């Protein structure tokens, strides 16, 4: 009885803010403006512009996820060797920018990258050629990596911290070199962290529209931008919801794939 | 521990009591809410906030004030009717759409004596979307033009027409508006077509023109045009006239070695109006009329103009302005400068989606 009472608020929360909105999106996505059932909203993903936007989003978010992973893993390794005190201080420093609003940080990158921006100012002062990253896909990837990197570092760091030093020492005693320790011991044991890091970076990167607007100069249309436009500018909630459903399918597929690998990963732990 | 909690509770109760007492004193003339409420739905940053307080104090009507960012975002909210608003401030073409779909109530002008302060010129303009002037009262208006940087643009290259925005010289130095109608307006006008065309062939031509322009465009932006142009990021940009006052002041304050000048292109431009309307399902229609009447009062209209800097259609308020401001041609252009200009019309859902699809093609190209 007591437990039921305690779960009450969560249940209400889930129904009110997760299930009902989701049901609304499904409803809008599968109906037209008059309310009749249709699949055209969902199928419109195959039109040239939508498909192009989707592929571009998938490409950019995949690339930024890989970059995040490549940057985050070594960092998490370093933090592990630093031990609890120093390591958690560095993690704290790492999370510190996240106390500031995400939009502000992205806008800050805009001022950094602009033609007359801070970076070009420094480059000019050093008589170096200026960079022209702003309003290109490169700037969007930079924005994604910058904004989502902590979401990759933290889960990997957490998993690595939990690995018993004795396991590593045992491997060393048995003659494993550093590379072997990394590939045979640390990597397999940290797969759950890697997997949750990947989902936490890939999903927001796939759906973002703010980063592409601010750093891409709105010249690069991602699927998130298409959906945003249908809601705020096109007044076409049905199409927007239909496309969101397609996006959800992609996210579900990626999560299912990851869950599968995660299970295998944990299987080796056991 | 328990004692401490009691302390905290007591202190916060005291604090609450004192603030309610204080605020009670402030509104002694007419307690806000004693004469009902008015639900207002307006653009963000589109009113001097002190005007709301003044209205509440004077009339005793409590203002519930909500914001929207685009007309398209506002429309479904009014249509769905989940929240019933009494006074809304959409743009021209959206007012036409709302009226066509029976979402608007006829305004009782007897309740709005200050209506006489509105310059008849703007009521004439309003007729293009509100033919009998019965649904809307103009709140602010303006034009769309080209802003150029005097240092980055040589004298002989100063833009005078929209088609100058296709000049290779400005490659990567053009800021376009990131909105369907404004972007197509530029292309359609430079082709010599109406910005309200529903002709598929003309829209297609405009689309192709915009795709051709895209490699020259630095970015599609909305509000950021202002700051980017002040920062010298681009040589030319498409901008709303209402931003000019802020820009001119900023250029002066920052002591920049260039100035930014505004041009209304020869081919004609978009004349836009944002006007107050009352939705058909408004629960407090009379309060809404009081609200609109209050905003039409010259001193209040002047206050709002000074805050939002978008030109006011209020004759009384205009007369109160400094001569220097009155002669600011970027804000208050001569009628001759507006010869070929048009007001946006609502084109129907079908044409709307035609434009939207074409715009998506431009963006994804």
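Even glycines carry a Cβ here, placed using N, Cα and C.
Keep in mind the model is a prediction, meaning the values are calculated, not measured.
Here TrEMBL flags A:54-258 as domain 'ABC transmembrane type-1'. If you look up TrEMBL, you'll see A:12-30, A:53-76, A:88-108, A:139-160, A:181-203, A:209-227, A:239-259 marked as transmembrane segment.
Same-chain neighbours of the transmembrane segment (A:88-108): 79, 82, 143, 146-147, 150, 153-154, 157, 210-211, 214-215, counting only residues six or more beyond its ends whose CB sits under 8 Å from a CB of the stretch.
Across A:12-30, A:209-227, A:239-259, stretch A:239-259 shows the highest tally of CB pairs under 8 A with the transmembrane segment (A:181-203). Residues 37-39, 41-42, 237-238, 240-245 of the same chain lie 6+ residues outside the transmembrane segment (A:12-30) yet bring a C-beta within less than 8 angstroms of a C-beta in it.
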